[in-house]
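Colleague: Sharing the feature lines straight out of TrEMBL:
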- 108-366: domain 'ABC transmembrane type-1' (DOMAIN)
- 421-643: domain 'ABC transporter' (DOMAIN)
- 706-1003: domain 'ABC transmembrane type-1' (DOMAIN)
- 1041-1268: domain 'ABC transporter' (DOMAIN)
- 95-115: transmembrane segment (TRANSMEM)
- 136-153: transmembrane segment (TRANSMEM)
- 209-230: transmembrane segment (TRANSMEM)
- 236-254: transmembrane segment (TRANSMEM)
- 319-340: transmembrane segment (TRANSMEM)
- 352-369: transmembrane segment (TRANSMEM)
- 700-719: transmembrane segment (TRANSMEM)
- 761-779: transmembrane segment (TRANSMEM)
- 851-876: transmembrane segment (TRANSMEM)
- 936-966: transmembrane segment (TRANSMEM)
- 972-995: transmembrane segment (TRANSMEM)
Amino acid sequence: MTKDKKHSAPKMENPWSKANPLSLLIFYWIWPIFRKGFSKDLDHSDLHPAPKVYESEYLSEKFSIEWAKECKIAESKGLKPKLIKVLLRLCKWNLILYFVVVSFDELVIRVAQPISLRMLVKSFEKNSTISRQDQIIYAVAVCVCTYVHNFIMEHCVFLMLRTGVICRVSCSSILYQKIMKLSPNARKEATTGKMMNLMSNDLGRFDQGLIFVGYTILAPIQTIIFIYFLWVEISLGTIGGAALVILIMPLQMVNGHWTAKFRENIAQQTDERSKIMNEIVMAIRILKMYAWERPFTKLVNHIRRMEVKALGKKMYLRGFYLSMYTVCNKLTPFLSILLYVLLGSRISADKAFFTIAVFQIIIENMIYYNSIAVNSLGEIWISIQRIQQVLLMEEQKLQTDNDEHITSKNMSDTEPSEPQVILSNVTARWSPQDSPVISNFNLNVQSDKLVMVVGAVGSGKSSFLHVLLSELPISSGKCHVNGKMTYASQEPWLFAGTVRENILFGEEFDKQLYDEVVQISALQDDLKQLANGDMTEIGERGMSLSGGQKARVNLARALYRNSDIYLLDDPLSAVDSRVSRHIFDKCIKTFLRGKMRILVTHQLQYIPFADHVVVIKNGEVLAQGTPTEIQALGLDLMSLLEEESEDASKRKASVAKVQEPASTEMSDEIETLDDSIESTLEGAVTFSTYWAYLRSGDSVFGLTSVILLFTIGQIFITLTDYWISLWTNAEETVQTNLGPTLDLQKPLDILNPDYYYGENAYLAVYGTLIGCVILVAITRSLTSFRYFLQISVNLHNRMFKSLVRAPTKFFDDNPSGRIMNRFTKDIGSVDELLPPSLYDSVEYVLQSFGVVLVVIWSNYFLTIPSLVIIILVLIIRSVFLKTSRDLKRVESQAKSPVLTHLAASIQGMITIRALKTQTNAVNTFNKLQDVHTSPWFLFLASTRCFTVLIGTLSATYLTAIIITFLLVKEGLAGGLIGFVITSTISLTANLQWALREGGDAENYMTCVARSIEYTELPSEAAWESEPDKAPPTDWPKEGGVKFEKVTLTYGDTDVLKDLSFEIKPKQKVGIVGRTGAGKSSIITALFRITEPKGNITIDGVEISSIGLHDLRKNISIIPQDPVLFSGTFRYNLDPFDQFPDADLWKVVEEVQLKDAVEALDIPVEDGGQNFSIGQRQLICLARALLRKNRLIVMDEATANVDPKTDAFIQATIRDKFSECSIITIAHRLQSVMDCDRVLVMEKGVNKEYDHPHILLQKEDGFLHQLVSYTGVNASSHLKEIAKHHYEKRHTHA
């Protein structure tokens, strides 16, 4: 839609694309990023763009081709197309290369390593026959295998991470394109929350989920090879460990099945939570004015509990399998050694540590990597199914000449023709099972006519336009449209960008045309008031503009496009009478002369200017013809004109705008917004962040238990390996010179490795240690993940509680995509990704630390190399983490605009499709994806560079140890050497994994830091009053309101200036004024949406002294833009469950909605799409009737409706609220002419305040000027209403 200035893609070429083989091998091409990252905090301008092959547009084109092929093949076979087949074809060469290279590594290199290790250990035995030369060869083989495996492993991981990028980026782009094509019926399922969850969480499964996919095939093959070599060495003893491995294999399949099932359940609950969260964020202001935070918090908490219930099952399963890795790593060699010894053989160092080394590899691949692969593939499979479900949803039926029901073509210069719209017996419904919304509709208009469409609320006026736009499916009849159409929606839709970008909307800038459109749209004065003119950033949904300004920008967008047919859905309703007349005369009558104009309107005063009038009732054409012909039919439109003499000046703003100021009031705020960039939380993730995370579990016992279990577990693991070395050394001693046995009278002899305690004793101690490892490992994992789960629950609850308590300015400054990113991607990372990373990093750091201690203990000469390695690792880690943290933060920051753009596109889908700007919207999405891919690709590369360096250091450390043993051979037993070398080989993998997972954990900690930031948001005043200041239970009893020197400030601008006025009990007061006068700011101050200065009292109670809920729940608001929430009709009326069904049905009847509401529990779709705007307004009226408050605030409550419904609402208000004080914010002057008093506002100041009849006597008065803009007839009519009410009032008095 618009180019994102703050997140424009870097211009530099990605160095990966042109790096030489050596640079690629050692990741030298990314070293400059590390240097830059170490010297400064990185931002997006420092980064390289994503390589061409990972650009969104490039990948989506390839995906589209493959998807089209798959759809064609599937159709020919009568099957559903499979997304998995498309992804496999898209990534086939990556997958083939991966399997070939990994096969060589796992089936050759890793098999050769333990065989070489056995021979090396054997060469150190006292009676060894292996020559010195062969010993050196075996030593070199062990070292070379370690180096080669390190490089192959990391490059294969990088390859699969890049494959994940291909899958995620291509699916994201094609998913967005699909969303732009969905039919209205399909859009009911594709809610904003669900689509955002798909984009952030489901597609995120590709990021890390493919790394170990090859081990599902290679691990079993490698296991078979190793079992053969084990059989050669320990014969039947092989069965012990192999049996356990074979037993675990089917359990992995079960694990994968249940993980996928839990993931699907989690995704469904997250979809629901995301949907509700998105609705809350979008409608937060109205939620606050209704004081509905508590029921919605209860709803979110309930959904979150269901999500956590499924999440807990998945986490416990993950924890159990992580513990099984540790358990099997020790249990499998124990079972084989146990069986080997029990069968009468003596264990030796070479056999023992060969068995241990082999089973380490088998367990690593079969139990750990294979388990991760199975789980990840299960989760990816669920994500693929969910994405596939959307891709197969019904698409919007396009207008084609071959269509059964609707045809459309654009006029061309070569075939001159005129615009034409023909509907023949058209019946249309949203879905086949729904009732028709358009029935037997007939219309035939052509050339440059001005067609006006009128009718009551819900009669089908907007639905008629949707038929022309192919948004409403035709079930029977024929519709033909000749000419290019442009559409201005009833509810203005704006996106985050500048005013100019919203008007141009992808079109080329033509200054002359642009200036003319701005002038006829009456935007010139408004643009002058904005901080940066038309280059001012207006925020998401145009948050910084008033309702009238948004409507005019929305209209200007349509006018800027050169079309043949203009569909204008009530564009004049949001502006005052002067602007309305200006737009109608300058725009609709003059600028669009020569074009067909189809104008849906309630403003009947313009009907005499129409060429053709269509009157709609209940989806059918009641009458049509010229205005004269309509009048001749006896339809009383002229009397309606009398009622509607002043413009239906609804400000159809975003729901949030009820209290928002106009442009003059927000110019300073806009300037702030323009410079607003999401906080990146620069700097290191400090210890305080970790501590805050761990303390969030709110259990000292739980945290202490986790720490103790990790420490005790590592002690038992180290003792187990050390005991094996003691045993094998003793066996070697016994076999050579029959060393001394244990003297029970000298207990300290147990520390002497030269003593032989007997085979049974060694087995008993070994088995006891293994039992302790099993017990502690399982307890540790389950306890840890239970504690992590509690942290997730508490963190989310605190975030949400803080969010709903935040002032509305926070929501003005932060787009919904940014907020939703915290509650989807960040919380998803804290829920599912951080716990296993943190668990693994702690476990393997402890194991690595244990290995280093063992090495130093074995040979003090290795102290210096050990310290050098530790120092180098810490230096590399500090450089890496500094850069990776910045990259991860920039990546998180770049993700928010993608989600914001997605949400905005779904909201404005009809406008985007009507203006044929899908391509522009898709291009913007692709650019935003590329901006996100840039830091993500560099983050992945930096992580692999880090692990390659750490792996190389570990291999070098191993080499130093082996060289030391070769040089200092005397006095070293084979068991000790086997123990040290085997442990050091595991160190290579453990240290890499520990630091990699530690790096991931630290990067996920940025999500924690971002989440914690949302737990500490600035808060509104207390909801409840202090006991000694609480208002009476029946307050307000009278409804009197008094403003005394009230000042309201936005930024540095006072939008209300020492405002004073008083509303007597039961008075009806209207508030009028031009755009930016401060009318809505009065509501802001009254509801304390922004805290005012000065005194506001209601029935003598100072509102600043009481709780917000005590204030807001006792004032009823009927907003200018009605808001409904997903759920049931009952929930939308009474979320607190305070009222019995009888009361609910009573108000439903009173607002004449009984025919539209079959039952109180009927579903309300996303945003209330299954109700017309007028019906939604009546539901808001029903809410006010239920609350029975003495003070009612109406913000142009009748602006969405036709004159008949307007009259009904006004009568209902006069009847049901006769004993109430009513404040009416109005542009429609007729709405306030019968008020007891009218307050005329101008630039935040009270210009006039008296009965409208008295004010109209002042020819130089402000109200008199406003009335005069309506024209002579309308002006006289309004004066007569005011006079009649004045005389009636004083007669009764």
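Placement of Cβ uses the backbone N, Cα and C atoms for every residue, glycine included.
Any TrEMBL annotation is an automated prediction that lacks curation.
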Colleague: Tell me whether the transmembrane segment (319-340) sits in contact with the transmembrane segment (972-995), defined here as at least 3 Cβ pairs under 8 Å among residues 6 or more apart in sequence.
Modeller: no
Colleague: Counting Cβ pairs under 8 Å to the domain 'ABC transmembrane type-1' (108-366), which of 421-643, 706-1003, 1041-1268 comes out on top?
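Modeller: Per the Cβ under 8 Å count, 706-1003.
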Colleague: Go through the chain and flag residues at least 6 beyond the ends of the transmembrane segment (700-719) whose CB is under 8 A from any CB in it; none is fine as an answer.
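Modeller: Contacts with the transmembrane segment (700-719): 326, 330, 694, 769, 772-773, 776-777, 779-780, 783-784, 786-787, 790, 842-843, 846-847, 849-850, 853-854.
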Colleague: Which bits of the chain, at least 6 residues beyond where the transmembrane segment (936-966) starts or stops, bring a Cβ under 8 A of a Cβ in it?
Modeller: 14, 16, 26-27, 30-31, 33-34, 47-48, 50-51, 54, 120, 124, 135-136, 139, 142-143, 146-147, 150-151, 153-155, 157-158, 161-162, 165, 207, 855, 859, 861-862, 865-866, 869, 872-873, 876-877, 880, 883-884, 887-888, 891, 972, 977, 980-981, 984-985, 987-988, 991-992, 995-996, 999-1000, 1003
Colleague: Find the average pLDDT over the domain 'ABC transporter' (421-643) in the predicted model and report it.
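Modeller: Taking every residue of the domain 'ABC transporter' (421-643) together, the mean pLDDT is 84.
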